[in-house]
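Engineer: Below is the structure I would like to discuss, written out as structure tokens.
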Amino acid sequence: MSKLSQPATTPGVNGISVIHTQAHASGLQQVPQLVPAGPGGGGKAVPPSKQSKKSSPMDRNSDEYRQRRERNNMAVKKSRLKSKQKAQDTLQRVNQLKEENERLEAKIKLLTKELSVLKDLFLEHAHSLADNVQPISTETTATNSDNPGQ
């Protein structure tokens, strides 16, 4: 059985160190690990492919730079238009909801008045029925029960 050797640390860029280890005797290959170089972890570990793009500044007169700027400007313009449209849609929805709220409040007032009128009619009718009903006395009931045929 073979043992792994001690990992070798290579100083990297952007505060990142790359740890290399030797492969097993079986021929398995290990992938280098990206770790922060400092004890504070001074940044995110970035793969080398991403690091190379950041390290070389682009010439402002190059075609690639102009194309990137143009694409970025178009994206910003599109984003701002989308944001404006969303704000307009929201404002329109707010106005629709306000109008609907006013209609509903008017309907509530109308229905409340109608309920009040109906309650008054009901109470008036109930009182008139109560006034028309004569109290039944015990004498009348006794007389009617003695003469069931009449």
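The backbone N, Cα and C atoms fix where each Cβ goes, and this holds for glycine too.
From Swiss-Prot, for reference:
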- 28-37: compositional bias 'Low complexity' (COMPBIAS)
- 56-72: compositional bias 'Basic and acidic residues' (COMPBIAS)
- 134-150: compositional bias 'Polar residues' (COMPBIAS)
- Lys3: SUMO2 cross-link (CROSSLNK)
- 62-125: domain 'bZIP' (DOMAIN)
- 27-94: region 'Disordered' (REGION)
- 66-93: region 'Basic motif' (REGION)
- 97-118: region 'Leucine-zipper' (REGION)
- 129-150: region 'Disordered' (REGION)
Engineer: Over the span of the domain 'bZIP' (62-125), how high is the average pLDDT in this prediction?
Structural biologist: 98
Engineer: DSSP on the region 'Basic motif' (66-93): how many residues come out helix, how many strand, how many coil?
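Structural biologist: Within the region 'Basic motif' (66-93) the tally stands at 28 helix, 0 strand, 0 coil.
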